[in-house]
Amino acid sequence: MSADVETSEGVDESEEKNSVAPGKENHTRMADLSELLKEGTKEAHDRAENTQFVKDFLKGNIKKELFKLATTALYFTYSALEEEMDRNKDHPAFAPLYFPMELHRKEALTKDMEYFFGENWEELVKCSEAAQKYVERIHYIGQNEPELLVAHAYTRYMGDLSGGQVLKKVAQRALKLPSTGEGTQFYLFEHVDNAQQFKQFYRSRMNALDLNLKTKERIVEEANKAFEYNMQIFNELDQAGSALARETLEDGLPGHDGKGDVRKCPFYAAQQDKGALEGSSCPFRTAMAVLRKPSLQFILAAGVALAAGLLAWYYM
């Protein structure tokens with residue numbers, strides 16, 4: 001029918017369409033899952049933006065040992081996520097979002113693990129307690145409520161395609177990693193030519209899922225739970241860090257290693273200027289001793305890894 005033909009009410013069809021389009025379009029847009037997720041997790045985004053981990057990572061304040069262990073935490077997370085994605089690749093609420101060649105990270109993380117830890121890396125690594133809880137949540141969702149799996153997939157992969165690329169450059173610069181990609185294979189999406197276009201495509205697929213509003217709201221709720229698991233790991237990190245610092249102090253470790261001129265130590269120089277050198281101890285050895293604790297290393301790893309995910313959200 002021509003757009004010039006009037007309807008029985010005497011209104012041009014094109015005008016009638018235009019008169020209802022704005023409201024209908026707005027309703028449709030707000031009902032889109034991607035929009036609901038964006039609005040529904042805004043508070044979590046705001047909290048993530050202000051975490052000390054995010055600020056430090058952006059500044060390049062990350063040690064190689066922590067980055068190695070962060071890779072460990074990512075390996076466990078993506079192993080669980082991709083196992084459940086494979087399990088539900090034919091589920092109608094997830095099948096349109098199944099892109100193993102383009103998105104899956106486990107193989108890339110395996111290469112990074114081998115680079116950092118050597119061929120026997122599987123014998124050397126483990127998952128922290130808080131990170132394990134998140135892994136268990138992913139498995140529960142995949143096996144019992146697969147319609148919510150999209151919350152975890154969208155949170156992780158869209159972030160990796162966004163802020164993850166920033167993190168890659170920060171890590172390579174701060175840790176002097178090879179520009180050829182060794183140690184940062186996780187951030188390399190060989191089968192995604194244009195990240196921005198792929199994200200748009202992924203969101204359109206997600207918005208096209210045949211889900212009612214209640215299910216979409218549950219997905220948003222699950223995405224917020226994912227952020228809560230992240231925060232639990234940060235809390236674990238803070239508590240364990242404080243406890244291990246006290247433990248180290250109780251061990252009576254010496255403050256200075258006795259090498260070189262003690263006056264060149266910034267801590268001692270500052271204390272001497274204040275006339276407070278006596279009875280003081282340099283925190284350098286304490287910090288290094290704490291970081292050598294395996295249990296703290298794994299907790300720090302999980303914290304850094306999840307901070308990377310939160311930062312990725314910030315850059316989406």
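Cβ atoms here come from the backbone N, Cα and C positions, even for glycine.
TrEMBL entries are annotated by machine, without manual review.
Here TrEMBL flags Lys38, His45, Tyr154, Arg203 as heme b binding site. The compositional bias 'Acidic residues' annotation in TrEMBL covers 1-15. Annotated region 'Disordered' per TrEMBL: 1-29, in sequence order. Residues annotated as transmembrane segment in TrEMBL: 295-315.
Features as recorded by TrEMBL, highlighted on the structure.
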{"residue": "Lys38", "record": "heme b binding site", "Cβ neighbours (10 Å)": "14"}
{"residue": "His45", "record": "heme b binding site", "Cβ neighbours (10 Å)": "14"}
{"residue": "Tyr154", "record": "heme b binding site", "Cβ neighbours (10 Å)": "22"}
{"residue": "Arg203", "record": "heme b binding site", "Cβ neighbours (10 Å)": "18"}
Problem - Annotated heme b contacts Lys38, His45, Tyr154, Arg203, maximal Cα-Cα distance (Å, integer) - result: 18
